[in-house]
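These come from TrEMBL:
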ACT_SITE  Glu156  active site, proton donor
ACT_SITE  Asp289  active site
ACT_SITE  Glu396  active site, proton donor
ACT_SITE  Glu424  active site
BINDING   Thr513  Ca(2+) binding site
DISULFID  Cys353-Cys382  disulfide bond
TRANSMEM  18-35  transmembrane segment
Amino acid sequence: HFARAGCRWKQLSKLQRSLILLVLVICGMASYPIVTEHLRGTAPVIKHLMVRGRSHYEKPQANHKGKLSNSEASCLEAVQKAFLHSWKGYKDFAWGHDELRPLSKSYSEWFGLGLTLIDALDTMWILGLKEEFEEARSWVATELTFNKNVDVNLFESTIRILGGLLSTYHLTGDTLFLEKAKDIGSRLMPAFNTPSKIPYSDVNIGKGTAHPPRWTSDSTVAEVTSIQLEFRELSRLTHEPKYQVVVSEVMKRVHKLEGKLDGLVPMFINTNSGQFTHQGIYTMGARADSYYEYLLKQWIQGGMTENQLLADYLQAIEGVKKNLLQKSSPNGLTFVGEITHGQFSPKMDHLVCFLPGILALGAHNGLPTDHMDLAKQLMETCYQMYIQMETGLSPEIVHFNMHQGSVQDMNVKLADRHNLLRPETVESLFYLYRFTGDHKYQHWGWKILQNFNKYTKVSSGGYTSINNVRDPDYPSPRDKMESFFLGETLKYLYLLFSDDPNLISLDHYVFNTEAHPLPIWPSAT
Ligand code: DMJ
């Protein structure tokens, strides 16, 4: 497609090319396309030829000193509006199903458990959308059943379903959600019946059987170490130690394992041997990310007494500093790369953008102040991952330039240009704003929300993942709204724009990795 158009373009004379460009610029100015036009799938090839004018580096602080020009109320309203637009799509075309497919006005099923609805429950509560919440509650009361012959992923169903139900129970006091949480929690337990006590990735919640994926007996390290907040809380609420016992056993075993690099863990662990496998890659991104997050957050949840968790967290952050931190060229952005078989790779997943928030949360809880300095630097980098793209939305993965004389800080491979409406950057913006009060973080979040509205909003309802953040003329919609857009992205944006530190106080709640707030244990505060 691109190549053919490029060839034809080259065959034109200079004058012909200039004329076409002039016409395009005039047309472009006269009718700037609204987002739903981007999404109709009819963008002509010629659009790919347009010259892009975005400058690559935007000095961030310069004009962001003061408060947002919009009032707090209008920013909060903008997030409610985005939520209601998403909800309309879900309600009209995907009600009770896992995910909305907003373009085809249909749905996709992953576990068949109303994933988006459950993930969004506490968001509706926090955003004050009572009517929508009540409708969803009655679906949970009358339609939701876990007595189903389906395979679910242990990690995904723990963080989204168990986490979502537990936090909704806490916010509302409604025991319906606790009963449902107990039901799914107990149905997930067979996953822990393995020779090594490291859980399998998949459980059939109807049959009570568990198994690893078909092609391997490995589990993902981040998955088996990011279910602890939820199972520990379930034990506390039910007074049944079994849930906490199985997940704490995983942490103890991972703590003792050989094969870490200065506290950094490999990506896979074998459910038979209990050992790390496929060693050699150390990343803060996919398959390792929330291991680090849950070290810190379990320590906070339990009242900052579990010293081994803290020690592992502190060691890992030192490991990041020693092995993964570098600066980009030309603008000296601090970024977190990866180690691949002893070699540094300047690759950073958008997923890594959870890290500024976590570092800030640690510093807020008394960990070294240089964690906060690093948090601020990385926050800036994550924002640049958005703003340096033509749509102002981050790609899934960025490769940073390190050699002197580079003209831009980052490159994006063709296969990495998608944006799945992920939350990590706005999540970190929320933490940074809560702890520093610096309004620039709200400005950044506001810009990101505008860009989601411009490039991912579908007029008939919902927002969609896109394939190409580098093409504002045709971002190429993927036709899927992930449940975490409602569970996390919009919730964190709302909390970012709120000036009320008691709206989910970070001294009383700890967010699970799907943005579901769970209480810091009372004896702990
Ligand atoms: C979510 O399910 C969680 O935030 C998880 O920790 C990482 N992946 C998605 C969002 O990007």
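Glycine is treated like the rest: Cβ placed from N, Cα and C.
Projection of TrEMBL feature records onto the structure.
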residue : record                    : Cβ contacts under 8 Å, 6 or more apart
Glu156  : active site, proton donor : Trp110, Phe111
Asp289  : active site               : Ala222, Thr283, Asp349, Leu351, Val352, Phe354
Cys353  : disulfide bond            : Leu378, Cys382, Met385, Ser394, Glu424, Thr425, Glu427, Ser428
Glu396  : active site, proton donor : Asp349, His350, Asp416, Arg417, His418, Asn419, Leu420, Arg422
Thr513  : Ca(2+) binding site       : Ile159, Gly163, Ser226, Leu229, Ser290, Glu293, Tyr294, Phe354
- Task: Quick one: of the recorded positions Glu156, Cys353, Cys382, Glu396, Thr513, flag those whose CB is under 6 Å from ligand 1, and say none if nothing qualifies.
- Result: Thr513
- Query: Just counting, how many other CB atoms are there within 10 A of the CB of Glu424 (active site)?
  - Reply: 24
